[in-house]
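Take a look at the structure set out below.
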Amino acid sequence: MGEGVVLFLLAMFLGYVYAFVGGFTDAANAIATSVGTRVLSPRAAVIMAGVCNLLGGMTGTAVAVTIGRGIVDPDVLTLLTVVAALGGAMSWSLITYRFGIPVSETHGLVGGLVGAGVATAGLDVVQWQGVTKVLLAIFTSPSLGFIGGMLLITLIYWLCRGMGRRQANRLFGHLQRLSAAYMAFSHGRNDAQKPMGVLALAMTLHFGWEELVVPLWVAASAATVAAIGTAYGGWRIIRTIGIKMVDLKPVEGFAAEVSGASVIQVASELGIPISTTHAITSSIVGVGVTRRTTAVSWGLAGNIMLSWMLTVPATMVLGWLYLVVLRSLLS
């Protein structure tokens, strides 16, 4: 078996591992609020999230194409670049998961691709238009989630001003089951497509395809693996987002999920890979601030924001290091 075949199989294997790890560590994005408000049991939440993530992941490939050819130029990359990029992204995800801190799988993958790509062929390999689009989303998606959460919960409070608190929580406890499914579906529509893009990139490099395409079996298998990862759930991060950061009631959980999921849906429609972590976390903070500023654990929120800012540079360095080390081992 030649070196090229080994690298291809390794890249495909790591692509599926990345799909699982992404679903596992990002499970909090899909179910944290519904578990935190006790509307759904953890078991019911992960089953629902797994199914809805799978359905969402099968609704398109626009985000996958952006990842596969919009971040770094596939014409000058190698399979070793893909392996190093995935290694950098997954290493950072697992490090931050160890401390229960949610980070963006999107930005981790983008950083890994850029770092490994630069180590492969220099700065000219970077598709700056695509990278700029992702970097802008670092700021716009949390802002939109925060503002959307504030506006939606304010509107709900006004519409339900004549309703008792217990009655409102009972009503929105039922509605939150729908919003949780909407959030999980949206999560799958954006996040499950990212491993599809990496797998398609690996196949393009190995088979010499002229254009990057995402075969149906790749889309289905990647979405399934991501859904399985989500079903296992990353409980440390679920506790961080759904319980520790803001103590939400069902009405607030509903508003946060609808706001975060809507931001993700718009980005997916435009083919922009965004951080679903940023979207839902900022929506939760926006909802919590509307109740009172002390409802938010600002120290924890600050730690999360710091990890967000560190993700791209950290994974760039890791991707670069993996490429350099692997290349020296194989030479």
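Cβ from N, Cα, C; glycine included.
So that you can see what the record holds, here are the features copied from TrEMBL:
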TRANSMEM  6-32  transmembrane segment
TRANSMEM  44-65  transmembrane segment
TRANSMEM  77-97  transmembrane segment
TRANSMEM  109-128  transmembrane segment
TRANSMEM  134-160  transmembrane segment
TRANSMEM  215-235  transmembrane segment
TRANSMEM  300-323  transmembrane segment
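The transmembrane segment (215-235) shares the most Cβ pairs under 8 Å with 6-32, out of the stretches 6-32, 44-65, 77-97, 109-128, 134-160. Comparison of 44-65, 77-97, 134-160 by number of C-beta pairs under 8 angstroms to the transmembrane segment (6-32) places 77-97 first. Away from its own ends, the transmembrane segment (77-97) comes close to residues 4, 7-8, 10-11, 14-15, 17-18, 21-22, 25, 103, 105, 108-109, 111-113, 115-117, 119-121, 125, 198, 201-202, 205-206, 234, 236-237, 307, 311, 314-323, 326-327, 330 of its chain (Cβ-Cβ under 8 Å, at least six residues beyond either end).
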